């Protein structure tokens, strides 16, 4: 029995049920705000304002000043500097990261190591030493700094020093890495240490700075997962451009080669060396022959700058998700890794020792390399000894046989052009000098014009595009012919030797080549035929002008060109056949004759100035014969351009001849220019009447608010339209039929459309939504970056370099002459070599005004005139600063020492550096010190000597004569001239009496008259406070640490301070005698008796009146006590009494001492008894309290049990 098929339920689309369902579904889909608006209403205005402010603050915090993105399409590798104190794991971390990215092991980390980390990113790792010089140099070029911290020890001074260096020279991205975490056995101590170090790291860098933890080591390496996480962060990190790096080109050298002639080194081992340094160019564009500074060596001029193929290129295809093994490149020449390295003049092949010994299993690659290494004769000598037999049975030809028949090739000389900033290759012929001696003055002028044309044409020598105006079939033939064609054996100039494909195609199209072979030296220019050798750009311009003239003059040119096209195709076919049939050495036939013809043609090609000036010149007969030149004995070559050139040369340029090629009597010619005038028909967007009509339609009626006058728009009828311009109503599209005036509906619709378009334009302009000024600025910067990138996008590197310089990201080779020999002999790859490009004026030395502050962690204050080592720009140098501070009146007063917690000014003699550049100062770069090494930081303010530093000078004098308030002072000056200079100056005494210098006295020399507020005393000292200008010492001593021997590069010592010199030489300070304290000898002063007038005595009270005390009379002699003279017996009695009293006093004193000792002993016994008593009392109390406690406890127990039964 067949199963019954159940009928599907059909939903109702209409009716009450369907409406209810659709209404319910719409309610569910609607927003909750619409369903319940009261729930989303504003409950608190304060809270809403606070939330809004917080949202805006968060948005504003993300804002930064947008900069134009100048990074090239292939940016240079990012520089990752691994910094930290010694023995913290820097080399181990670099090895682990290299293994993570490239799957290769690198045993010794020496110099920069460049790897390909991803599809669009490369990384250069470099290890920083603990010496302050390496830290300073690498902080200037670092994009990312990995700061390794020993967690078991804590932060060390090197970490904080590097952070302060980065704060001054531009803060790169910083990431902390904690190592030695496996030394913690207690997890609680470990977590506390992590937290403490993290918060301290955040304090120094910024809140939320990334801090990685490397928990432990396995087989001498960090754990794979932790290293992988660190590598991921490095691979995706974004970098903010730093001002100094983006405004200066610089190269972190990863390879060095000595190019000095070995014979010169053998004769003089101390001679200056020519060195080539290699590395990726970073920062901004760099020009050839520019100035560079090598920190640790000095300033040098680049002898030659060129770019090489990238030794560590990015992968070509980006479709894969990950890199394959071949694309995981590692390039570290200083560490012996890099494979095959291509140079400008050599190729270096890295052959490890293990590969050379495996001779049995040698593959084809190894055999090729071994054959190259074992070659004893050069390729030139082999080619010279070789012989070639062209046909079977003929004698073999050697190089000497061929050179006998050939013309000598031009020699190449390199000439530097200062205008275009590039090296030009000039072809010099041996016979040119002899021919130049016989030339006239006119020929010299012609040669100068030709050289200018060659220079103009040489800039486009690398263009290889085929012109788009050629037909496709002809272009194909030209490309096939160009593949077969070889370099011309002889050319008129460098431009023809390296001719562009465009010029060659034009020559071949015109069929002006020699019929014998395609390698002839005739110049087939566009306009001037086979006789002329002018630049290609001028020919193109002249051709366009002449073509325009011919087109206007008559319409027959098109027919003539069509007729000649068939002839040109036949010429091309014949030339193709000549290519295939010509022998391989046929182009060498008759080179001497061809060279002579070319030279004569060059002489005739230039315009005849004599004919232009004087009007009549005897024409050469050869020119007429050349016009009817035959090709292959069948065809004649018509050269209308040559005759046109002659007519142009013979034309008098001072007179204007009207062009009578147009017949202005014809109505067609007049009608063709009728619309160029006001009365003609203009387009709709430029016709004034139409524009006024549109304004009335758009804006309609309006009222003048000042006058109240109402302006009505004109009515749309036939009469008004005819009066305002007839049928020129709207010409938006000439092909559309004009709108009828009586069709008011269509006019209304048209006006509505215009209003709608205007409103849309207005809305797009003003209603940008959430767009802000910041967004507009970012968009503008983005457009500028796209414009910069698209300017030279389609130009090859050789041409781009000539215009814009070497761009960042290129792998460049810098040849630097005159380097000190110590740089090569003492080269150590563990120290970085940086070539920093200098600006236009940064190579000069002058006065610099700075703002400086002593670092708060530095232990000593800085003293004026003590030498200080500054890191400013790319340089590290020693100089003598003068510290000063600005007073309220603008005077810059010299300071002996820097303030403790304040900024002060500093003036130095040093290299000119842009204003706003930060710097740091250290007192010594030799060795490591126990305390903080950075002495001061600051910024450059001015680059001139506008600030005059003055110091206080006190001149002292003594009064020699005093007349009331006027005194004569001497000893302050030495001559009348000095006094005259200080006339009117204010002086002062030690007691505070102010005065003024009036005039000099004749005698004694240097004395002057001065007036004071009060009368002086002869004992007063007069002094004059003056300000004396101080000159800044001119000391600029670059730190040449890289020239020191290996192992001693951190021991550079420059000029020592006075204190260091005295300490090293054992000299003690001799005190100034004037500064020593002397005994003060004061002469007793006699004061006169106080004299009070009698009238004043009467007014005084009695106690203040002077008393009339009578002086005591002299005691009479009879009343004076006479002297007693004792008898001998009396003297004996007095002596006995004195002896008895002495004995009594001694006994009394001894008994008092004995009594005191006994009393002390008694007190001690009493204290001991008291202590014994207290101890016994304490024991008794203790026993009593114990009994009381036991009794109390029993009472509590009994109370808990209840009353007893009995």
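Cβ atoms here come from the backbone N, Cα and C positions, even for glycine.
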According to TrEMBL, which of these ranges is region 'Disordered': 1077-1098, 1099-1120?
1099-1120
Three-state composition of the compositional bias 'Basic and acidic residues' (1158-1172), taking helix and strand from DSSP:
15 helix, 0 strand, 0 coil
Across the domain 'Bms1-type G' (75-240), what does the pLDDT come to on average, as a whole number?
92
Which residue counts does DSSP give the compositional bias 'Basic residues' (1148-1157) for helix, strand and coil?
10 helix, 0 strand, 0 coil
Going by DSSP, how much of the region 'Disordered' (1099-1120) is helix, how much is strand and how much is coil, in residues?
4 helix, 0 strand, 18 coil
